[in-house]
Amino acid sequence: MGSTEDLDYPQIIVQYSNGFLISKVMFTACELGVFDLLLESGKPLSSDAIAAHLGASTIGMKRLLDACVGLKLLAVEMTQEGALYRNTEISNVYLTKSSPKSQYHIMMYYSNTVYLCWQYLADAVREGRNQYERAFGISSKDPFGAMYRSDEEMLKFMAGQNSVWSICGRDVLVAFDLSPFTQIYDLGGGGGALAQECVSLYPNSTVTIYDLPKVVRVAKEKFVSPEDHQITFHEGDFFNDSIPEAELYILSKILHDWDDDKCIQLLEKVYKACKPGGGVLLVESLLNEDRSGPVETQLYSMNMLVQTEGKERTAAEYSKLLEAAGFGVIQVKRTGKLYDAVLGRKYMRFENDLRLLLSEGGGVLLVESLLNEDRSGPVETQLYSMNMLVQTEEKERTAAEYSKLLEAAGFGMI
């Protein structure tokens with residue numbers, strides 16, 4: 001649309017003004033069970049039948065259904081008996097509670113928690129802090145105390161996060177080949193959906209969900225089956241308690257909750273605990289480097305202002321945090337969806353595992369990290385060989401391979 005048309009009729013301004021109406025129509029249809037009823041019925045239903053089943057007024061339900069048709073969440077068929085409504089395919093997949101990709105729970109969290117906080121957006125902008133105190137009468141100094149203000153609210157939040165990973169989890173976990181990492185800690189792993197996706201993609205791995213005791217309790221009761229033997233739990237507060245040693249740490253939507261100093265504090269703890277050659281995977285929604293978008297991430301950053309102490313960041317800003325904590329060889333992968341991946345590695349220390357190849361009587365000393373002759377390990381050297389692929393044209397070798405190179409150059413007594 002050209003600028004003249006924009007000024008003649010401000011279509012985009014009208015759309016933006018109606019944005020919250022659109023969200024609330026979708027949230028309300030989910031909350032009342034419209035999409036679930038139409039899926040279960042197996043056939044189109046009239047507005048009167050839907051209203052009767054759901055205990056709603058016929059006037060209100062007719063208007064809600066028509067609005068959903070306009071939003072392409074429902075389809076309508078005109079018959080001699082009147083209008084009959086059915087779900088569109090996208091609603092069957094994403095808005096019904098029984099679907100594996102259901103977004104119902106995150107919708108309910110947005111409708112009942114986020115929506116209320118955003119009523120105080122102007123206050124958040126003026127004050128530069130979250131609005132839990134105004135929205136819920138709870139201190140703004142403890143964001144997660146507010147989010148977990150009751151078992152019911154905590155369950156809603158955890159279910160909502162699981163919804164997100166049902167559509168975004170795979171992409172962030174395959175952004176890099178994580179198969180070399182078999183011992184993984186998911187810090188703040190909540191309901192376990194990302195951990196479940198991880199062990200599904202990497203069957204040789206085990207994932208430990210590290211979260212608050214009350215979160216672990218709900219995860220065990222509601223989300224993670226005892227039969228998921230590759231998933232274990234560690235109760236604690238990773239800011240205040242120790243972090244056990246592992247090869248890879250996943251921080252999904254963790255750092256965006258906190259300011260830079262708190263992020264570095266956590267990353268330094270992770271770096272200290274991390275095995276040499278291991279790393280940390282950050283899963284976040286990345287801003288463009290010039291902060292021009294994506295618009296979803298810009299809006300999420302506003303939500304961080306309203307709900308947390310943090311913000312969304314650029315890839316360069318996350319890289320800077322990782323480097324400040326000691327991580328290097330940082331890689332970034334944008335998935336094209338809501339969440340992206342940043343992988344930082346802990347440089348390996350060779351003092352304890354170096355072997356020396358020495359040609360005496362005037363010669364050359366090679367200092368390298370050696371692969372076993374059957375290439376079965378050590379894992380640090382296998383990982384470092386992967387790093388050579390990423391950063392150089394070279395590779396790590398076995399002792400026999402280095403010996404062959406020396407012999408080809410004329411050295412002996414190897």
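Including glycine, each Cβ sits where the backbone N, Cα and C put it.
The ATP binding site annotation in TrEMBL covers LYS220. Sequence annotations record features per position, and here TrEMBL assigns domain 'O-methyltransferase dimerisation' to 15-96. Annotated domain 'O-methyltransferase C-terminal' per TrEMBL: 118-327, 357-411, in sequence order.
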| Does the residue listed as 'ATP binding site' have same-chain partners at least 6 apart in sequence with Cβ under 8 Å from its own Cβ, and which are they? | PRO226, PHE233
| request: Could you tell me how many residues in the domain 'O-methyltransferase dimerisation' (15-96) are helical, how many are strand and how many are coil under DSSP? | output: 52 helix, 14 strand, 16 coil
| Across the domain 'O-methyltransferase C-terminal' (357-411), what is the average pLDDT of the model, as a whole number? | 76
